[in-house]
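What follows is one structure encoded as structure tokens, with my remarks underneath.
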Amino acid sequence: MASPPRCSPTAHDRECKLPPPSAPASEYCPGKLSWGTMARALGRFKLSIPHTHLLATLDPLALDREPPPHLLPEKHQVPEKLIWGDQDPLSKIPFKILSGHEHAVSTCHFCVDDTKLLSGSYDCTVKLWDPVDGSVVRDFEHRPKAPVVECSITGDSSRVIAASYDKTVRAWDLETGKLLWKVRYDTFIVSCKFSPDGKYVVSGFDVDHGICIMDAENITTVSVIKDHHTRSITSCCFDPDSQRVASVSLDRCIKIWDVTSQATLLTITKAHSNAISNCCFTFSGHFLCTSSWDKNLKIWNVHTGEFRNCGACVTLMQGHEGSVSSCHFARDSSFLISGGFDRTVAIWDVAEGYRKLSLKGHNDWVMDVAISNNKKWILSASKDRTMRLWNIEEIDEIPLVIKYKKAVGLKLKQCERCDRPFSIFKSDTSSEMFTQCVFCRIDTRGLPADTSSSSSSSERENSPPPRGSKDD
């Protein structure tokens with residue numbers, strides 16, 4: 001085991017008293033974006049204008065070189081399809097663009113009961129945002145001296161941590177913005193997460209291929225597991241009970257570590273056919289989702305003992321055209337979102353494993369995604385230096401979604417085991433599919449791990465690095 005990391009903690013003040021925004025986040029004026037704002041979003045001009053954008057159904061990043069229709073003479077009106085660019089006219093999702101970082105935005109979160117946003121960037125900053133007007137509320141002081149690869153926040157939104165390529169993990173008080181402590185390691189840190197109860201911090205190592213679990217209260221080391229994987233860690237996270245740590249790696253392996261017994265509970269080898277980029281638990285802790293450079297996502301049962309040797313999974317395919325960088329479950333696990341290097345955010349129907357909608361607009365890799373607790377908003381962070389806040393509360397009323405449901409013949413059922421509502425294809429003849437949701441089907445079937453994903457023993461060398469890789 002490595003010796004405990006050096007640190008310099010200061011006073012702790014965990015109570016957060018940030019007031020909620022007074023204006024509704026859903027206010028917007030479609031079609032009222034100024035040409036100056038659009039020009040800034042396009043990056044073609046350097047204008048001294050605010051870095052905020054009104055929530056609108058128009059996508060300034062998808063515009064052609066011509067100004068919007070209301071600024072053109074009548075004979076030069078731009079067709080509607082040019083205004084929408086990559087967006088399908090039947091999937092008009094209201095959104096807001098948040099600009100303020102000077103480099104790729106690597107990580108994003110909702111916090112303070114969805115009234116604030118948190119971001120970290122390769123510009124070495126960690127910022128707190130007001131989602132109503134898109135302004136930066138705070139730049140956290142004593143910032144890292146190298147790119148920020150990931151940040152995390154406690155469940156009560158009192159403390160923030162960030163991992164950086166300067167080999168440090170730093171913690172701040174969210175309300176005051178003051179640095180609480182800094183821990184320096186001997187290797188690069190590529191991932192960091194608070195436990196849901198705020199007691200622990202887990203960090204993932206690059207060169208050492210391991211993880212470190214630290215007591216966040218006393219700033220002492222609980223466990224250091226070197227060579228936990230055979231290649232660099234890409235992501236790690238706690239389960240909702242703060243008792244298990246999941247980690248994924250370039251070695252295509254998934255591992256579950258028990259904090260109390262300090263032992264590996266579960267190992268799934270060759271879980272994907274390429275490097276695994278990210279992982280996240282459902283809020284029950286029963287299932288784990290992994291995203292990969294193989295363009296797929298998988299949902300694994302990591303709770304019941306009978307799956308300890310081989311795992312059990314459902315594969316989500318054909319959602320991205322390139323490597324998948326990130327994934328995040330809704331609080332009730334009714335849907336899942338993922339971000340990809342194809343510049344899109346995919347919204348998945350978990351019950352039936354199909355892509356419900358694809359959100360387009362970013363002009364570079366989507367590096368991280370998040371879902372608000374009320375399930376009305378999606379936040380995406382991109383290498384294009386922006387974040388996007390998407391309003392999805394009326395997603396089931398979108399013409400494109402309705403059109404797809406009619407085409408495939410979806411209908412709503414209730415799971416006989418857990419009473420969870422789920423959708424099914426009318427054409428499916430399997431009786432089990434008509435009675436149980438996807439999670440209960442994994443439990444009852446005891447599906448073996450998907451062997452098709454482990455057929456390849458080599459990884460694509462030209463694949464882009466996952467979120468948290470220092471090669472970018």
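Please read every residue number as a count from 1 along the shown chain.
A Cβ is built for glycine as well, from the same backbone N, Cα and C atoms used for every other residue.
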Region 'Disordered' per Swiss-Prot, picked from 1-22, 67-88, is residues 1-22
The DSSP breakdown of the repeat 'WD 6' (319-358) into helix, strand and coil residues is 0 helix, 22 strand, 18 coil
Secondary structure of the repeat 'WD 3' (184-224) by DSSP, residue by residue, totals 0 helix, 23 strand, 18 coil
Per the Cβ under 8 Å criterion, with at least 6 residues separating them from its ends, the repeat 'WD 4' (228-267) contacts 190-191, 193-197, 199-200, 202-207, 209-211, 213, 222, 273-281, 283-285, 288, 290, 292, 300, 302, 307-308, 311, 454, 459, 466-469
The repeat 'WD 7' (361-400) resolves under DSSP into 5 helix, 18 strand, 17 coil
